[in-house]
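**Student:** First the structure, which I've put down as structure tokens, then a few questions once you've had a look.
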4 protein chains.
Amino acid sequence: MTSVKRKGILERLDAGEVVIGDGGYVLQLERRGYVKAGHWTPEAAVEHPEAVRQLHREFLRAGADVMQTFTFYSCDDKLDISGNAPNITCQQINEVACDIAREVANEGGALVCAGVSQTGVYKDRSSESEVKAIVKKQLDVFLRKDVDFLIAEYFAHVEEAVWAVEVLVTSGKPVASTLCISPKGDIDRVCPAECAVRLVKAGAKIVGVNCHVDPTQCLNTVKQMKEGLDTAGLRAHLMIQPLGFHCPDCTSAGYIGLPEFPFALESRVVNRWDVHKYAREAYTAGIRYIGGCCGFEPYHIRALAEELAPERGFLPPASQKHGLWGSALEGSSKPYVKARASRSHWENLKPASGRPLCPSMSIPDA
Amino acid sequence: MTSVKRKGILERLDAGEVVIGDGGYVLQLERRGYVKAGHWTPEAAVEHPEAVRQLHREFLRAGADVMQTFTFYSCDDKLDISGNAPNITCQQINEVACDIAREVANEGGALVCAGVSQTGVYKDRSSESEVKAIVKKQLDVFLRKDVDFLIAEYFAHVEEAVWAVEVLVTSGKPVASTLCISPKGDIDRVCPAECAVRLVKAGAKIVGVNCHVDPTQCLNTVKQMKEGLDTAGLRAHLMIQPLGFHCPDCTSAGYIGLPEFPFALESRVVNRWDVHKYAREAYTAGIRYIGGCCGFEPYHIRALAEELAPERGFLPPASQKHGLWGSALEGSSKPYVKARASRSHWENLKPASGRPLCPSMSIPDA
Amino acid sequence: MTSVKRKGILERLDAGEVVIGDGGYVLQLERRGYVKAGHWTPEAAVEHPEAVRQLHREFLRAGADVMQTFTFYSCDDKLDISGNAPNITCQQINEVACDIAREVANEGGALVCAGVSQTGVYKDRSSESEVKAIVKKQLDVFLRKDVDFLIAEYFAHVEEAVWAVEVLVTSGKPVASTLCISPKGDIDRVCPAECAVRLVKAGAKIVGVNCHVDPTQCLNTVKQMKEGLDTAGLRAHLMIQPLGFHCPDCTSAGYIGLPEFPFALESRVVNRWDVHKYAREAYTAGIRYIGGCCGFEPYHIRALAEELAPERGFLPPASQKHGLWGSALEGSSKPYVKARASRSHWENLKPASGRPLCPSMSIPDA
Amino acid sequence: MTSVKRKGILERLDAGEVVIGDGGYVLQLERRGYVKAGHWTPEAAVEHPEAVRQLHREFLRAGADVMQTFTFYSCDDKLDISGNAPNITCQQINEVACDIAREVANEGGALVCAGVSQTGVYKDRSSESEVKAIVKKQLDVFLRKDVDFLIAEYFAHVEEAVWAVEVLVTSGKPVASTLCISPKGDIDRVCPAECAVRLVKAGAKIVGVNCHVDPTQCLNTVKQMKEGLDTAGLRAHLMIQPLGFHCPDCTSAGYIGLPEFPFALESRVVNRWDVHKYAREAYTAGIRYIGGCCGFEPYHIRALAEELAPERGFLPPASQKHGLWGSALEGSSKPYVKARASRSHWENLKPASGRPLCPSMSIPDA
């Protein structure tokens, strides 16, 4: 399948458009029964393509402008360790994942973005060639499948991300890069401002953060990145794809350090109104590529698209099945439900956990 | 499509087997972008059959023995009011929904169950013929599609449920019936014990509760039903399909009365370990048809199947992507994550809400 | 010291007056350093009379119409077991406690009430004479000191309370009696309605509850007592002296069953606005003897007196140092503090615990 | 009354002794009915000396080595504005307060410390002479009463504190100084390290913090002060008197900015086990003058003395009425209470608030 001709990612961002990203695949597909927690490898693309295709479609319907290929941790070292799929190779996964993403992207006006992430071999400076070889191998497939742009995401060491960017830019495709770091910086204590500078100098045209911490903390980090770039006189587009979980109790290890990770995070899931607030704050901070990571389900992406509909000029297809700010409750025969058809109800609500034996914060294990 | 020959629902239950039900369709498809909250009608069966089929498949993979047709609120009065799908009739929806359920059921060894629910016309004794006509109309389609058994579910007045059962039993198919009531009884204050007696006398072979309140409260109600039947010297199988939300603060109006309904329930979602506990308690209480309603996602159904695997003798397909009690974390490279590969960790965890500004209970609006 | 001539307790209640009780002595004196938790015996009356006198005075200033003698658990068996005061006898304690209460009562217009409580010897019917002998011994001192009226309080078995009342009424003094029971009834499952009937039949002119559970639950219980008396055609005054702790998680064992008892109850302490609400509800329920038990400090008693000032026609002395509903904040130089000089601020506030690692309810040990 | 000859404050600290401070007077006396919230002036010393004396005695019994004179906000401008006591002068209050403190101090081996606090006239540099005049007037009384040492406490601007210290040191008495600041520094954003340096240079021999924020935050601030002094090569003793309230949600305005201040702070009160932890951490951080401020009741001070008994070599008098770590529960007849006679029970307990409708944190008004 080849790409339909449409405006590229940089054309869109350069024109000042808001780009809505998609949500999280691995945690959602774990809940649907197709991904094994722990190693999180994406063999479902080969084993159950219909399940992966369906989730892509839901994000597309919800308003996502980008389909990220379901290739997370699809590098040989990770797949081998997982033992999840002994007869499947990463090359197979990556090829099929690109095809699925393209198929669904073509159903709307979306772009296909293929990603690489932190490897298992990174140690220090000495591992550069090893890391780059792994990235290169993935890139070869992505280029053969002619994806629209590339992302180096979910890196905890900016140094490793820089290496990945250096490989990806050789393709001539636009390159984005996001780190999974807290407002305090990367694992090596490089501050967000400096991280952004290094990524842009390496060739990334879009920089930001993804995963590990919640929208509030991610916004903090990207704002620091912006300041760093401004101070350095560098220009790049800003991107944010936070967790869909509230975790103010996280340390720099992110939500992986919480005792609830990964099997008891339900009570932390953000709701659609939290997403409205996050979308508005991200936009106001000057970020134009706005999506989600683990915990972001299709309806969260729809909330992004609905909050930013005034700026974008249109609502996504899935809004046909959603009244803005609860307005679909107006037809309820129960007066107390009808009374909730109101923006102020949902904006001011402090939702109860229903768990009186549970606290509001945990002590992280890490 | 016709049914493959397999053991019927009563044969299974009479033989002492555990039957795992499926989870909730409307809320989950709302989140996926296919159902509109408020009226909750199931036109997605016609508009987006692939989305409905996929959710059925996920429940099947998770271990469900029954595929309930996605026909909730599919009666003309509800669909007209909703305005969600002006060019689609309930007959169309019901037909397609039966076909989809059958198609997926045949992929495993599952049964197809078609359901009717409370109507909008019920008032009092005078509405009997009107209610029965609506039920009859739905039943005609279900019989034409040769479903395996029938359910009258989500009734708040036992009187209306009895009428529905009276219609359904004319088919000769096995009939189940569940009420959406609290431990205090139905809306007219008929106690659970008496409700069960009336349903069984009307011809239901399987009785219990679904929706509206949480597993703890549903268990309480079904236990009362059991006592009522025992005292009356009646025999029937017991069934339970509770909410997948913690709501100890509910009044008899159920979760619909909570200010979080339906758009801010995230923090109340039960986790897989809560489901293990619920499954065990339901089994111990003598209930053998055990499923879920709104809030139950595929992984919750898998948790039912995993908890009851010793009794059932097998694990469901989706357990290939899940380590029992977190065991898949044993391979983690992070020692603090590895330490969570333990039943005691998950059983004893009191998961934090991550929301220090929110309470643990709400004051219901109703 | 002899009593000043003033209106007796029954004259006041018969005339429809509101009688404000005092608060809790043992827990407050534990915090001040004079009572040992565990056995809770009142030797401080002899060892540190100035400390006991001061607390009495604070309750008097706060509006209490009754000074209860600090003689809780002052019977020989309890004092011996405690080992707290090897050289002090109960007779000494009881005498001094009566003197202190009288001294302070005379500083205002208050009455002195002397109390007996559950004994350590109660088992069953066979222990009647033993229990009565202990009560009689305490009563002898109280009569010698000419207290104004008597109370049999903090009984968990209504049977034992009846015996105590039977002894106390022989004195000719008015007798009140309160049980430390939950809305479910006494330890032997005698329901509150029946408990009230038995106490009144034994001769108590004032009946109700004290201690063990919170204001909400105590109100529930006294309402049941009232219904029981009404149904039986009996007349008595109603009395309530609940805990000053929120404990909706209590079982029938009361707050003693909570893991926080007795050294970590701080976060449960009711505030003055909770007391306003409680006072109003008690009054509306027809209760006219309204006080507090453990956890009620002087400012809680003042809140009772302030809420019921319209009915009583006056404010207590300590209100000279308190603005109604926060009005004293009007003079604040900080605008955000000044804004709190408002009834609606305090009535609607949901005070935070400041403890994000803690839950809102506990699982009782008992 | 004159002072008994005993070791002075600097002799004790220079010898490495731990000095236990006393707790909070104004909030506790507000609850007892003698201080009016809002203006918080100390006319009770004159109006009700027995109430002030009693609270002093309780702190002494609990182990306090210092009696701070009850002279908070006893400067003419504050007293006039309050209108609480039209016929009483500050001079009267200060004299009586010194006498009461001395009387009680002599009952044990305690020292008398007289304090001055922030004035209402401080604006900027131009107000120096006015501020100093107010301090001088108070100091004159303190010298006449021959207090043992002086403290300039509860200053939000280090500049004003420095002026106060400059006045106090003219007396030749040892001078301590504590600021009511957060870890971020004083109102003018002077960091804690620099604040400490300025106070020591002005002549304070003991420096630290009091009030406004909780023990955790106060410890943070004093550690910064220590680092500042070490870096500057200065030597001084460290002092800490934090709030007895949990308030992790405070901004730099401290607990005054919380919506619960001052009438709904109950749920935030620290318990005795929190105090043990705080005492140990303060000691470990090198702080030797350890006390409390608002919210610290006598039993909290006893907990300080009990935690540091190994270092001090003795227990306070009030420990005769307290078993260490709950040991007094060993004699309980209830097995589940007896089981709480254990250090691990109390150290690990996460006490519930009993308030399921309330959150764990507030949004500060300021």
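Backbone N, Cα and C atoms are what each Cβ position is placed from, and that goes for glycine too.
Feature table excerpt (TrEMBL):
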- A:7-308: domain 'Hcy-binding' (DOMAIN)
- A:CYS211, A:CYS293, A:CYS294: Zn(2+) binding site (BINDING)
**Student:** Need one number: mean pLDDT over the domain 'Hcy-binding' (A:7-308).
**Tutor:** 96
**Student:** Around the Zn(2+) site recorded as A:CYS211, A:CYS293, A:CYS294, what other same-chain residues have a C-beta within 8 angstroms of the site's C-beta center?
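**Tutor:** Everything else in range on the chain: A:GLY24, A:LEU27, A:TYR154, A:CYS180, A:ASN210, A:HIS212, A:GLN241, A:PRO242, A:LEU243, A:GLY244, A:GLY292, A:GLY295, A:PHE296.
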**Student:** Sorted by position, what residues of the same chain at least six away from A:CYS211 (Zn(2+) binding site) have a C-beta under 8 A from it?
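**Tutor:** In sequence order, the residues whose Cβ lies under 8 Å from that of A:CYS211 (Zn(2+) binding site) (at least 6 apart) are A:GLU153, A:TYR154, A:CYS180, A:GLN241, A:PRO242, A:LEU243, A:GLY254, A:CYS293, A:CYS294.
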**Student:** So if I draw a 10 Å sphere around the Cβ of A:CYS293 (Zn(2+) binding site), how many other Cβ atoms end up inside it?
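**Tutor:** The Cβ of A:CYS293 (Zn(2+) binding site) has 28 Cβ neighbours within 10 Å.
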**Student:** Please report the number of other Cβ atoms within 10 Å of the Cβ of A:CYS294 (Zn(2+) binding site).
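**Tutor:** Step by step: centre on the Cβ of A:CYS294 (Zn(2+) binding site), count other Cβ atoms within 10 Å, giving 25.
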**Student:** Sort A:CYS293 (Zn(2+) binding site) into helix, strand or coil using the DSSP assignment.
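**Tutor:** DSSP call for A:CYS293 (Zn(2+) binding site): coil, neither helix nor strand.
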